Structure formats: C-alpha cells, structure tokens
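Record features (TrEMBL):
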BINDING   B:LYS70, B:VAL71, B:LYS72, B:THR189, B:ASN296, B:PHE297, B:ARG298, B:LYS316  ATP binding site
DISULFID  B:CYS119-B:CYS168  disulfide bond
DISULFID  B:CYS129-B:CYS152  disulfide bond
DISULFID  B:CYS135-B:CYS162  disulfide bond
CARBOHYD  B:ASN187  N-linked glycosylation site
DISULFID  B:CYS220-B:CYS230  disulfide bond
DISULFID  B:CYS264-B:CYS273  disulfide bond
TRANSMEM  B:342-364  transmembrane segment
Amino acid sequence: MSKSTGSCQGFLHHVFDYETPKTLIIPSIRVGFVFRFTQFLVLLYVVGYVCVVQKAYQETDSVISTVTTKVKGFAFTNISDMEPRFWDVVDYNIPPQGDGSFFVLTNVVMTPGQTQSRCAELPNPSTICVDDCDCVEGYNDPRGNGIRTGLCENYSSIVKTCEVLSWCPLETDTNLPKRALLAEAENFTVLIKNSITYPKFNFHKRNILSHINSTYLKRCEFNRKTDPNCPIFRLKHIVSEAGEDFQDMAVKGGVLGILIDWSCNLDWWARKCYPKYTFHRLDNKHPVNNVAPGYNFRFAKYYRTAEGEEVRTLIKAYGIRFDVIVFGTAGKFGIVPTIVNLGAALSFLSLVPMVADWFMLTCMKKRDLYSRQKSTYLVEESEVESACLKNP
Amino acid sequence: MSKSTGSCQGFLHHVFDYETPKTLIIPSIRVGFVFRFTQFLVLLYVVGYVCVVQKAYQETDSVISTVTTKVKGFAFTNISDMEPRFWDVVDYNIPPQGDGSFFVLTNVVMTPGQTQSRCAELPNPSTICVDDCDCVEGYNDPRGNGIRTGLCENYSSIVKTCEVLSWCPLETDTNLPKRALLAEAENFTVLIKNSITYPKFNFHKRNILSHINSTYLKRCEFNRKTDPNCPIFRLKHIVSEAGEDFQDMAVKGGVLGILIDWSCNLDWWARKCYPKYTFHRLDNKHPVNNVAPGYNFRFAKYYRTAEGEEVRTLIKAYGIRFDVIVFGTAGKFGIVPTIVNLGAALSFLSLVPMVADWFMLTCMKKRDLYSRQKSTYLVEESEVESACLKNP
Amino acid sequence: MSKSTGSCQGFLHHVFDYETPKTLIIPSIRVGFVFRFTQFLVLLYVVGYVCVVQKAYQETDSVISTVTTKVKGFAFTNISDMEPRFWDVVDYNIPPQGDGSFFVLTNVVMTPGQTQSRCAELPNPSTICVDDCDCVEGYNDPRGNGIRTGLCENYSSIVKTCEVLSWCPLETDTNLPKRALLAEAENFTVLIKNSITYPKFNFHKRNILSHINSTYLKRCEFNRKTDPNCPIFRLKHIVSEAGEDFQDMAVKGGVLGILIDWSCNLDWWARKCYPKYTFHRLDNKHPVNNVAPGYNFRFAKYYRTAEGEEVRTLIKAYGIRFDVIVFGTAGKFGIVPTIVNLGAALSFLSLVPMVADWFMLTCMKKRDLYSRQKSTYLVEESEVESACLKNP
C-alpha cells in the first residue's frame, strides 16, 4: 500500500476509510445458543408486548364530543299532601335543553304562595324566644331563613320564635316523603345522541351506528346483551347497572354518570370504534365523610297577583342528575412512536452481546482461552520492536 | 508489563483498565461511501422529520378553557297562526347565561292556556274509540299524552278518542311551519370570549388578541379572509361555513359546533399561538339511521289565574344549538422527549456499521480478503503453542 | 480445527458461531477514569433526572370529573330605586342546578311591566327625530331596541325619538349603581363536591377526603393554611385569592375560575393524590382590547295579566360566574415508558466508548501507540503472503 501525502487525499481517507471492529469467531454451540436465545427474548418482548399488547407504535389523540339528550315519559301523582297532578317532561326535566347533563325530578317539597313578608322562624334552639328582647333586629343568622325584625311571634300555639323578613311562609323540608313522589320515573327513557371527533385523525363518528335503521331505533331499548348499540336507555336500567336501587336513590336524589368510552384503534387493518357504555354513581351515598347527601336544588316559579304583588312557588327538587361523560383515546400507526420504540428495542439488542460475552468469559470451561484471544493487553513500544506485527 | 498481585491494584485494574475494540481500517471509497451515506440518511430523518416536522422534542399539554357568549339581534314575526310578536334575546336565547353552549330559537309550536284537566287524545290508531269500553282507565300509553280516564269523548265532530288526564289542550306539533318562524335569526350575531390556559407551561391567552383595539371590536365581524381575528360571528356565516343552509336548518333545528383550535408551539424561537375557528354540523341531518332528527326541546312558562289555577304556555322550541368546543395541544421544548428521541436516533446510528459490514462482506470483490482480516477463528490451545502470537 | 462440509453443520455454524469483537485493554488510569466518569454522568442523568424528577417511567391518564355545587346565604337590599327586597339562593343563583358553572347575581337592572307594544326609542344621534319623515317604517337598527313604526314621538318633554315596536317600556341600563346591589354576596358560601376518575388506572376519589368527618364539614371554611381540605368556600375569599376585590368585581361582574388540580402519583410506593385549589380571574378586566367588559346577561320573568296579556319583568343580571375547572394527570409505573426511557439511556451509554476513544486518541501522550495497536490497516493479499498471520 502506497502512502499518499496529498492533503485532499488525506481528507478523503479520513472521511471514507471505513473502520470496522475486528472480531473473533467462537465455534461454541453453547455460547451461540445463549446469544441467540437472549436475542430471541428481546425480539419477543418487542414484537409481542410492545407492538401487539401495548400498541406502542401508535400516536394517540383525545376525543372531542357533543351530546344531546331527550327524556320521555309522564307520571301521575296522587298523594295526601298535594293535589292530584300530572307530570310531563316539561315539569320534571330541568334544564330542558337536553345537553350532556340532565336532571329528572323524583321527589319534591313545594311551598306555594311565598311572598316578600314577615313570619315566625322555624323553631330550633337558636330561634325560640320568650319576648322581643331575645330577637336582635337586623341579625342575619347564616343557618336561619331571613333577616330578624326584632319581634317575637307565635310560631304555633305552643312555641314562639323570632320573626324574620323573608319569603313567607317558610319552607319546611323536614318531612320528606319516604317514598319518592315520582316513583314512576324509573320507567322514563332517555335518548342519548353523541357525536365524537378525533381531530388529529380527522375521524368522526356517532353513537347511532350506520348499520342501525330508524325502525329499530323507534322501538329498541339498551341492554348490554341483546341491544348493546341502542341509544335509548330506561332510567331504572341505568341505575341498576350502576349497582343502585332506583327507588332508594329517588328519595334523596343523587348523581349518576353515564360513561361513554370511545377508545378506538384506527389502524386500517384493525379498525374498531364503538361506544362502550358504563354506569357509575358519582356522589357519595354513605352518610360518613359527607355533607348534604343526595342531590337537590331549589328553584321557583314566579307569579304576579292581580294586585301586582310578586308571589312564588318555591320548589325544592330532589332527583337524579345524569351526567353523560364521554372519554377515550384513539390510536393510529405513527412514524415517530414506532421509531422511538424500535430504537429502544435496538438498544436492548445491543446489550445482548454483553450478556453473551459475560456468559462466555465466566461460565465456559475454555474461558481463559477465549479471554486470551479476545482481549489483547497493550504492548509497550519496546516490546513492539521485537514483535511480529506488520502494521505500517 | 509486570503482573501485580496486590488485590487493591487488581481491583483498580478491573475498574479502570479501558477495553476498546480493535478495528480494521478498510481504505475503500465504496464501502466508506455506503457507511457515510447510511449515516447521512439516519441523521436526515432525525433532524428533518423528527425534529422539524413532528417536533418530537417537545413536551405537550392539553388546553383548559372558559367560554362566554353573548347573542345580539331581534326579530319581528307576523304569521297567520300567531299574534304579531317582537322577539329579543331574552325570548329566543335559552339558557340565557351565555356559556359555551347556547341555543337560538328559530321555530316554535306554542300551546297556550294548558291546565291540569281532561281532554280527548290526539287521534291515532291506538287512541280512536267507539265507546268507553275501548278505553282502559289508568292506562299509561308511552306514546300517548296522558293517563286514560276510561271515557271515550269527541275529539272532533267526526272522530272519538279516549279521554286522558293531562295538561290540556294537548299540543299538536304535526303542522310545523315549512319556513322557520324566526327566519331573521340568520342576521343575529354572537360575541364569543374565550380564555385558555396551558397549566404545565403557565401560559394564558384570550381569543381577543392583545393587538386588537376596542373600536375595531365594536364594528367588526368574523370573516376568514378579511377579519380572521374578530370574535363576533354572524349566525348565517357560521352555518354556511359548516356547509349548511341556515333557512333549511332553522326549520327543524340542529346542533352546530364552533370549534376553536388552540394548537400552539410555545418554543421561544417560534412562538405561534392563535385560535383557529372551524365550523361543523354535529347532528345527523340524514333521515336514515336517525331518530328525532333536528334539535328541539319543550319548556313552559307557568302562570296563575286570578282564581289561583296553574296555567302554562307550552313551547316546543326548534332551533340551533351552538356548541363552542375548545381543543388543542401546546408543545414546548422538553428535555425528556428530546433525550428519548435522540436516544432512538442513536440506536439507529449504531445499526449503520452493520449495514456497512454487510455491504462490505457481500457486495465487494475483495470480500474474502476483508472477511479474513476482520474475523479470526478461535485458535485451539495446541495450535496457539506454535503460533506467532506474543500476548503476555 | 477440522473443516466440515455438511450443509446442515454449515448452517449450524452460521447460526450458532458467536462472533465477538476483539478488544485491546489499555491499562491507563486516566483513560479508564474518563470512561467511568462519562458512564457515571449518563447514569446520573437517567436515574436522577429522568426517573426521580421527570418520572418518565410512568404511564399517564387524564382526569374525568363531575362537579356539584351548592351556594348558601341570603341578603336584604333597600335602595332608593327599588322596593326593599329579600334575596335568597333561588333569587340570585342562576342556573339553580348546581353544576360546575354557577352564577351569583350581584347587581341588577330591572325593568318591570314590559309588554309587546310601542314606545319612543332611547335618545341617541341615530334615533332623535323631528317629524315622522326621519323614521323609516320597518327599519331594524341593529343597535336599536325594536322595529320602527315610522312615527316620531315625544321621548321626554324636550326630545323626540322614533317610535319602535318592542317590549315597552325599554330598559335603561346606563345608570348602573356604582356600588353593587348585593354587596352582601361576599359572605355567601359555596360547597363544592367533586368526584374524579382516572379510567386507565380504575382510580376514583372525591374532594371530600375519607379522613374528614361530617361534623367538621358542617362548620369548616376553606383556608389554604388552616383548612386546606375543606370543600366550603366563602365567595369573598375565592375572589381575594384570585387577586381581585369582591366589591369592585361585583359592580360589573366577571368570570372567576376555581381550578382544581388533581395531578396524582399513583405508584404504590409514593401514593399522593389530593386536590389543589387555585383561583384565577378568567375574563379581561382591562378596558383596552376589550368589548362588553364584565359579565352580565338578561333574562325575564313572564306573567299574564288578568286580561290575558303577557307581561314580563326584564332583568339584566350582573354578577360573578364561577367556573369550576378540574384538570390533572395521573402517572403510574408503566412497562412501555420505562423500556423506552431505559433504551434511550442505553443508547447514550453506547456513546461513552466513543468519548473515551476520542479522549484516548487525541489527548493522551501515548496516542500513537494506542492508535497503532487499536487499528490495523488492511493488508493487501500480496503482503499477507509474506506476513506472519496464521489465520485459517
């Protein structure tokens, strides 16, 4: 080999001379087997676990969703405290707009004919009085129901309480019926329309699947086994799938989650994208670690008398709030996660020779022979002189 | 080299002796070129695709958002079925709070003067009767409008139907006007205020950009080309950008998504973060695979007569629900994803010598020469005796 | 070594012969130290930063949440413009359902007794007229309050304006009280119940922690220092933590975010999952780059007179909208991210020999000796003949 001194050629040598490691071939089946077996284990993990089980080669995106709901059903109530009354959707479904969270009234404490006026407070240790001196005018008791006027009035024939300025008569919500007023609500149905988008993959879908026809939709009812794709749910069914009893829950109300899981695999070779419905009670029904159990809120219907006075019917509404919660992640083959995971796997493959070397140099009988031929100790210059090396 | 037997020195040797692979330098331009070219391809992929296109060196965070909306406009209706009427925001915008989902009423079926009473059912095959025997008292037909009283009454002069206990008179929503009542709603405008946060990056922004002044905001109107940053949208414009016709959609209602994409690159050298608006119809307008097409809901205004009887005006409201859907992912340089991606790239770089070796040992003329000098077969001890190896 | 010609044995040799790189051992403490130190730095980064600080070995999931709120408190107003009035939750909390977004009314412009009729427009340059010719019949001014009738009427004794068909009398919202009507609202409290789920980890939790008992919940009030886990918040406290003044904000309203951060580490050895509350004002309070500052909306209470005419009380409600925004990411040990991060770290470890080689071949005195013994130039066949190499 002739030595070139041209600097350009030197540079070319520097860039294009290819430096490859010298290797020693060990014709040992045992070492070879350990090497191949370790390689196989790594490949198995990469192909089997990372690719097939975890689908780590996929990019992911979160769902964007819109929900429309429509409740159907009516009920008739005839209890002693109240006039017989017919209830339709407009009466018990609040708010009426039919978005992802809807409320079905099941129990009610009504206080009709409230006006801005004065009346005796509900009796309790802090409101009971003997004469006007016990009642401080203008006092605003956070647990009371109004601003004290400073007078002590008869609440009933046996007890006197401080008079307050408030919406009178005051609401008495202590004797809530043990059985829900709208017990029939368990047979109401709700139609849930849900359309989702995975913006990264430009993928759109509805929970009313394309193979379902309108006739089926008019008569079907969701059932995990027989009708898993019907978007119409009977309230009783929802509550019982959540492991609760409708009549129990209806008395004091609660919050029930209708969870729609849109986890999807959007790879073309395995396209699978269906909504999966599950139901969970979301509020805490246990009385410990709890405050204001159940679910209720107050609202009022405002009227005006012929004389122009404002009157309202106060309604304390107990019921079940259904929250439709849509979640999910879609995965689709993506070049970056694939590369990253392949790269990580390759790193592990590059560990395999270390394992085989270690095995070869510690567990084999001929380890000293292998070691001597594999590794060379640096030879000092003086020794090199006399050595048989012919390097230029 | 003298052999040290001190255990400490032996340990130091074990830890600090540096073992480096012996290499063979091949002065072949072709092999060198294949090596460098493969290296170049890997680097190109890493720099070009992973870093520039996919920005895989970034950490990501999802958007948190709050939306306020305010609809403006009024309309006057004068059709034969109804008294002339003036509609302002309070009349047609339900709910009035102006959150991310608002409804604009466009068509309406009003049933004034409903009271809790008895009336003949709407005629259909299951309600038509000849005498009282056809009507079971207390029967609650899910498709009907009330609880049967057991009587058969005249619905009109020619047909008799079962009497029901319900809110009477019953609503007849079959002859919905073909042209939307509030056709003028297409000229209403909505102001959308949206403020977002990327909590991981402590980044806050509003859709009213800081370079926009109040004077502009008072007169501008969104237009993708001329005013892409104006937060005031004409309803007709929104609907037509979604590929729909407002007057068509207004008759039976629908759900329209106003999607605000806040995908942001928060790296300081390329800070770009503007809202991008797109519009999509979210409900299914096709009559197949559908139930209850369009969008409507019922609500009522409750009154009380001078005699104290409760009366309500039932309103079946058809209209367009606009859902403001805010989504997006922000990316910012992060040390962990950078390291992970660099690591994966390095793994691939470590594959390059394999490619070059394979090329050298299979495609080159001198492959046998290369192979002989690169790989050494293990030499058995007996042979070693007579060999010219001078290792200590 | 005997050469086998059997093809099966040849294949076995091909598969199971183990090829290991030949190495040169350099007994130099300095090179060894550079090698070990670089290795140590990489390991430090992997263990210290990636694992401990960034927890990159974790899989993550986003939170799913449901919120219930309940406002408490009442107020009494007695100002000159309005009758003395008592306000309870039903009057000032809109919508009443108690979901994640609730509104507390603090200021109000009431316009009682509106009917569908005709009245003179509010005076401004475009509505003032001299005679009927100035008013075009049917003209619908987007900034006006109704449809012009074509007449010019006396607005007051000194100014005439065009008459419009509208809900009359018109609202005049220009003289908004400088001090909020419901200044007392700052002492109202809100109970926030929040239950969350991480579906990937099947993890459920409530913001009312399990070690809190009901007695405590009845009297506690959130305070970052003394009661960080109490779910009852005084409105004034929320607003002041957001850096705002309640009385200031109450006049024109605003939007206030109650952010609940549920970032959790679900690894069993470090399980930590508590809600962290922060408060931010979400709307823009600065008058520049703004339109319609504050937060208000209009709603109406509809009545019917004894003669059957529809009358409404129009209410322009100013107040604070509280948006409960729940966010967070849970992390838990996951095999795939662990492998990916380990793989990336290994890639960097495989770089360490390159660093050490570079150091050895450029910075050491004996670099030529090392270089000569490490790398061998390819020896051409002719030279090989005469060389002392004993390869088979």
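A Cβ is built for glycine as well, from the same backbone N, Cα and C atoms used for every other residue.
Remember, TrEMBL labels are computer predictions, not curated facts.
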Cα of B:CYS273 (disulfide bond) to Cα of B:CYS230 (disulfide bond), in Å and rounded, measures 15
Recorded positions, contacting chain C; criterion Cβ under 8 Å; candidates B:LYS70, B:CYS119, B:ASN296, B:PHE297: B:LYS70
Recorded positions B:CYS152, B:PHE297, B:ARG298 with CB under 8 A of any chain A CB, in sequence order, are B:PHE297, B:ARG298
Near the residue listed as 'N-linked glycosylation site', which residues of its chain come within a Cβ-Cβ distance under 8 Å, counting only those 6 or more away in sequence? B:GLY73, B:ARG234, B:LEU235, B:LYS236
Among B:VAL71, B:ASN296, B:PHE297, B:ARG298, which are recorded as binding-site residues, the nearest neighbour of B:CYS264 (disulfide bond) by Cα: B:VAL71
Widest Cα pair spacing in Å over the listed ATP contacts B:LYS70, B:VAL71, B:LYS72, B:THR189, B:ASN296, B:PHE297, B:ARG298, B:LYS316 is 24
Between B:THR189 (ATP binding site) and B:CYS168 (disulfide bond), what is the CA-CA distance rounded to a whole number of Å? 37
Close in space, distant in sequence - B:PHE297 (ATP binding site), Cβ under 8 Å, 6 or more apart: B:LYS316, B:ALA317
Here the Cα-Cα span from B:CYS129 (disulfide bond) to B:ARG298 (ATP binding site), rounded to a whole number of angstrom, reaches 29
Using C-alpha atoms only, work out the spacing between B:ARG298 (ATP binding site) and B:CYS168 (disulfide bond) and round it to an integer in Å. 15
Expressed in Å to no decimal places, the gap between the Cα atoms of B:LYS70 (ATP binding site) and B:CYS152 (disulfide bond) is 50
Inter-residue Cα distance where the pair is B:CYS230 (disulfide bond) and B:CYS135 (disulfide bond), in Å: 61
Looking at the disulfide-bonded residues B:CYS119, B:CYS152, B:CYS220, B:CYS230, whose Cα is closest in space to that of B:ASN296 (ATP binding site)? B:CYS119
